[in-house]
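Worksheet: one structure, shown below.
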There are 4 protein chains.
Amino acid sequence: MTSSIKKIGVFTSGGDSPGMNAAIRSVVRTCAYMNVECVGIYRGYEGMMEGDFKPMDARSVNNIINKGGTILKSARCTEFRTPEGRKIAHDKLLEAGIDAFVVIGGDGSFTGAMIFNQEYDFPVIGIPGTIDNDIFGTTYTLGFDTALNTVVEAIDKIRDTASSHNRLFFVEVMGRDVGHIALNAGVGAGAEEILIPEENLGLDRLLESLKRSKKSGKSSSIVIVAEGDKTGKNVFELKEYVEEHLPIYDVRVSVLGHMQRGGSPSCYDRVLASRMGVKAVEALLEGKTNLMVGIQDNRLILTPINKAIKGHTKIDKELMRVSEIMTT
Amino acid sequence: MTSSIKKIGVFTSGGDSPGMNAAIRSVVRTCAYMNVECVGIYRGYEGMMEGDFKPMDARSVNNIINKGGTILKSARCTEFRTPEGRKIAHDKLLEAGIDAFVVIGGDGSFTGAMIFNQEYDFPVIGIPGTIDNDIFGTTYTLGFDTALNTVVEAIDKIRDTASSHNRLFFVEVMGRDVGHIALNAGVGAGAEEILIPEENLGLDRLLESLKRSKKSGKSSSIVIVAEGDKTGKNVFELKEYVEEHLPIYDVRVSVLGHMQRGGSPSCYDRVLASRMGVKAVEALLEGKTNLMVGIQDNRLILTPINKAIKGHTKIDKELMRVSEIMTT
Amino acid sequence: MTSSIKKIGVFTSGGDSPGMNAAIRSVVRTCAYMNVECVGIYRGYEGMMEGDFKPMDARSVNNIINKGGTILKSARCTEFRTPEGRKIAHDKLLEAGIDAFVVIGGDGSFTGAMIFNQEYDFPVIGIPGTIDNDIFGTTYTLGFDTALNTVVEAIDKIRDTASSHNRLFFVEVMGRDVGHIALNAGVGAGAEEILIPEENLGLDRLLESLKRSKKSGKSSSIVIVAEGDKTGKNVFELKEYVEEHLPIYDVRVSVLGHMQRGGSPSCYDRVLASRMGVKAVEALLEGKTNLMVGIQDNRLILTPINKAIKGHTKIDKELMRVSEIMTT
Amino acid sequence: MTSSIKKIGVFTSGGDSPGMNAAIRSVVRTCAYMNVECVGIYRGYEGMMEGDFKPMDARSVNNIINKGGTILKSARCTEFRTPEGRKIAHDKLLEAGIDAFVVIGGDGSFTGAMIFNQEYDFPVIGIPGTIDNDIFGTTYTLGFDTALNTVVEAIDKIRDTASSHNRLFFVEVMGRDVGHIALNAGVGAGAEEILIPEENLGLDRLLESLKRSKKSGKSSSIVIVAEGDKTGKNVFELKEYVEEHLPIYDVRVSVLGHMQRGGSPSCYDRVLASRMGVKAVEALLEGKTNLMVGIQDNRLILTPINKAIKGHTKIDKELMRVSEIMTT
């Protein structure tokens, strides 16, 4: 393969997610395999602007496939949103002889890459790394599968104590704008009700459901609430609301928080990351740019970054129905 | 919905896999939701022939979604392979007023169901439950995802000790006829080489790879071997072969064994089981029969059982290539 | 052994903890082994007053040793604190022919048992089941070891994301009155600072420590805070305080909550529960009463319940020193 | 503290065990805290003889407390058993200015240290790191607790499939000379029978027990076998023996193998390692030598290495009795 690209940068950006290290490893090793140099860029766009670079060979990514977080660190960077910031970053990349980059991150990180590509005709490929699974153009984002397992394992523990005391728990999971984690983990954890940002089920319906649940002989209940739940109440307000209207229930709240972002990636996320890293480097070497690698029907596909950014993932209506049937 | 089906039987058959309980729960609760009676049949076809039945309502499947194994037990039954055996089973089903059944299992279990359907025009729907992922008509079988996580977690532990002692490990995983577990878990665990039933990479190639691995500075190596590896050598013979030809290596063997079939199902397997159970009951109530529920491109599909049985899953060439690149 | 005790009741009371099921199993099986009848009492003193009893044989406790929570359920019961309540309970026990009971729980549950014993000369033995490890007369309570593992696993995940973003996390763990979980899990998780109810390290010291931590090159920090931390500030107030005084830090909060009470018990807790159950039944059959089973120097000992209640566990000064040295 | 010791070496030796990294970290950080230099010695005595040293400061052991294996690698070294080998090692230590060392390992590693101390009057302190718990002078060795959890988690998974198929499993665990893992994990996993090196229960007794188990209505059974089981039969021979004499059983074998040595250490092992590391460095700085750090009754103690080596741990008779009662 004769490509004009001789040195590829790789970095992680935005919120971290399990599988990012596996993706870095894959990009680095694919470069080694293809005899292209690879450079790690620390702390995303921030490190890019500071020239915080480190050459990476195949051995430099030993034993990271199973580690959560990102060895290249991540950051959110406001300065890169300005033309001046991007100019500085471009200079640093040129200086280091970097011809192209692979960005592992979410929406915001892709937007930056796309603008940078347009301004400097700099080849960029994105790999979707976020636990939220909210990127258009891929059925799964890196870290989503791991986060779901983390959530259901935590709720399995909570259920132990909930059913020992016949209690009702509200468990808040991540998902400010999208309910994918809440819906999938809710079904997986056998939740009695799932509140997500996409749908307002209404508080009356929640009360009805809880009443029915009690009547049907259930001794305990778990309600999953996405951060951005559309009822407009946060999880503590929900507790108060329910205790007021259904005093029969002894309600507890658990906010799972940042542990959802960490942990050793699941096998699925490790494999997906490995596949995406190969695809990303290959795309760059084939002269492609401004694309995001995604997976659909278990095959890798490429989607223009602007589509990935503008598109919206939809909540799965079939799964919502499954959820409802399961709480019979 | 006016369906002639009033009472549905459900059972698990063949080797057990994580997610079977979640599928049982889903079938039972969907029946309850649809106001159809549901009967659990113990120990697969064996229990069917003995009339080992138990009515199941929505509460009878509380707190099983996260349990490995199968509360209905499973068995392999040779007598059901005879017309006489199936006659007995049919009588028992009629006696109990069971109109249709959902069978959760693999190839062998589906073959029995198909013949039974043909002989007695008895409505049957299959749900693919096996860790091997070797069923045509579905991208994933129930339990595959969980088994992969079990395997990579075990190999992560083995790698700790392998890299502490600069050792080579051969790790045998399940897969007598298919290498899906070996290939996926091998990539997920960062294995240096993966030996599967579908491809004979040749022992020379293995030695070459191990020599190269040593030279490239790797301090330890993990080789994944599927039970049915095509080199024709089992994992202990491989150890001897390598020690003879590459005395530099201190080789150890680990056979992961039956723990791969157990454990709490992953979120993915729980959700998949929940979805498949709903689909299976709905299909029966819509008058469908002799079909297997599968998942493709994250959507549920129905495949004629005879196709599911005869079809072959193929090893993923792209993933084999990823595996090769990753071991650079 | 000729004992006047023919039928023993067993129940769990107060907050549940991992290992309670293993202790129930042990009491039930020891009774079976000793040819004494055993009766499960549901929902602690509440169920005792309602006569919510169930005979239990050796097989009734199959497959529960590894389950979190308690199959006998638990509850806090205010009515049992009154003489009238205890009278009702005593009548119910007599009616059912129960001669003695084993109570698995914490301080409050033991107090009830002690008074009951004094009033009715009813033989009682306690098994310390609480994650807080705050019972005098035993080095470990049932569930403490499991809770520590749950906490460090959660913090390991949080650290992934903390070190990817160079952040400071305040993690709140259980322990309203005692800091055993905080101190042990803090050392185990490699926390930079640990705030416990027993000691007021002072907020200035915390700021000093965090400044020093930054200077020494640490890229991220975890501070463990027990619920009842003596600084008098809750975890969210601490966040605000630190952000105000050390704006260099990007602070996040995580409240681990009720998942700490659940989960499959560790091997240690399962073995301890099995041992304590045997000891408790043996003590009753030997005519002993009003004692709590404890473990000290890996040997089982018996402590008068009133000592267990009045005594105080102390925070381990040596471990506090270890904690300080480790954060160098 | 005015000590003549200015530079301390630390290394791991023999079979690795979870918690070794936590112990290394503790030694390194305690040195930093005490203003003493610390040097990591790679691959045990082998690396000592090669002068494979690396200065370690407090930051060099970041993020290893939760990692299995040992970052300093381990090895068994025959050359150090010769006076010539030890001479070379001593020269290398002097050359590097190392005044004393902390050895983390088992019996064999301690013997080497003791002889070295006698020959060269070189200060040495041992930390017991082995999963086997077979060192006299400490109730727990580093890694034992973690290994027990690894074993019971694996058996929990095996039980899923065992009870789904009404099968009998023989599970082999580590312990060539001692049955501590087998006995504790056997009780923790609810095994029906436990075969250990210390006691020959006799094959007849095993058959009796299995028959009784079947009769009592148990649907599946797990028998734990330590590697060095005294019946003289290995686990595969046991399978054949039982299948021949009790054809009613469908027997399967699982050899857990090296995964027992790896994995993230439990909280207990992390805390124990942290405490022992502090104690070891303090002992050296106080002028002590030829001692092993141990834990007894939750307090750290020091035992002369020659006693630690010659002493024998005993199998816990009380726990054997608990085991028997539990299988009622």
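Cβ atoms here come from the backbone N, Cα and C positions, even for glycine.
According to TrEMBL, the feature domain 'Phosphofructokinase' maps to D:7-284.
If you look up TrEMBL, you'll see D:Gly15, D:Arg76, D:Cys77, D:Gly106, D:Asp107, D:Gly108, D:Ser109 marked as ATP binding site. According to its DSSP assignment, D:Arg76 (ATP binding site) is coil. Taking the Cβ of D:Arg76 (ATP binding site) as centre and 10 Å as the limit, one finds 17 other Cβ atoms among all the protein chains shown.
Sequence annotations record features per position, and here TrEMBL assigns ADP binding site to D:Arg25, D:Ser26, D:Val27, D:Val28, D:Arg29, D:Arg159, D:Gly190, D:Ala191, D:Glu192, D:Lys218, D:Ser219, D:Ser220. In three-state terms derived from DSSP, D:Val27 (ADP binding site) belongs to a helical segment.
Taken from TrEMBL, the feature Mg(2+) binding site applies to D:Asp107. Shown in sequence order, D:Gly14, D:Thr130, D:Asp134, D:Ile135, D:Ile309 are the residues of the chain, 6+ apart in sequence, with a C-beta less than 8 angstroms from the C-beta of D:Asp107 (ATP binding site).
Of all Cβ atoms in the protein chains displayed, 26 besides its own lie within 10 Å of the Cβ of D:Thr130 (substrate binding site). Under DSSP, D:Thr130 (substrate binding site) is assigned to coil, being neither helix nor strand in the three-state scheme. Look at TrEMBL and you will find D:Thr130, D:Ile131, D:Asp132, D:Arg167, D:Met174, D:Gly175, D:Arg176, D:Glu227, D:Arg252, D:His258, D:Met259, D:Gln260, D:Arg261 tagged as substrate binding site.
Same-chain residues at least 6 positions away in sequence with a Cβ under 8 Å from that of D:Asp132 (substrate binding site) are, in sequence order, D:Gly106, D:Thr141, D:Phe144, D:Met174, D:Gly175, D:Asp177, D:Val178, D:His180, D:Ile181. According to TrEMBL, the feature active site, proton acceptor maps to D:Asp132.
The binding-site residues close to D:Gly15 (ATP binding site), defined as a CA atom within 10 A of its CA, are D:Arg261 out of D:Val27, D:Arg29, D:Arg261. Counting other Cβ atoms within 10 Å of each Cβ, the binding-site residues D:Ser109, D:Ser219 show the lowest value at D:Ser219.
Within the set of binding-site residues (D:Val27, D:Cys77, D:Met174, D:Met259), the lowest number of other Cβ atoms found within 10 Å of a Cβ is recorded at D:Cys77.
When secondary structure is read from DSSP and collapsed to three states, D:Arg252 (substrate binding site) falls in the strand class. Distance noted between the C-alpha atoms of D:Met259 (substrate binding site) and D:Arg29 (ADP binding site) is 29 Å.
Taking Cβ-Cβ distances under 8 Å and a sequence gap of 6 or more within the same chain, the neighbours of D:Gly190 (ADP binding site) are D:Arg159, D:Ile222, D:Met326.
In this structure the C-alpha atoms belonging to D:Cys77 (ATP binding site) and D:Arg261 (substrate binding site) are separated by 19 Å. Taking 8 Å as the upper bound (exclusive) on CB-CB distance to chain B, the binding-site residues D:Val27, D:Asp107, D:Gly108, D:Thr130, D:Asp132, D:Gly190 give none. If you take the C-beta of D:Arg29 (ADP binding site) and look for same-chain residues 6 or more apart in sequence within under 8 angstroms, you find D:Ala58, D:Val61, D:Gly277. Close to D:Glu192 (ADP binding site) in the fold, though at least 6 residues off in sequence, lie D:Ser209, D:Leu210, D:Ser213, D:Lys218, D:Ser221, D:Ile222, D:Val223, D:Thr327, each with a CB less than 8 Å from its CB. Its own atom aside, the Cβ of D:Arg176 (substrate binding site) has 11 Cβ atoms within 10 angstroms in the protein chains shown. Sequence-distant contacts of D:Gly108 (ATP binding site), defined by Cβ-Cβ distance under 8 angstroms and a gap of at least six in the same chain, are D:Ser13, D:Gly14, D:Arg76.
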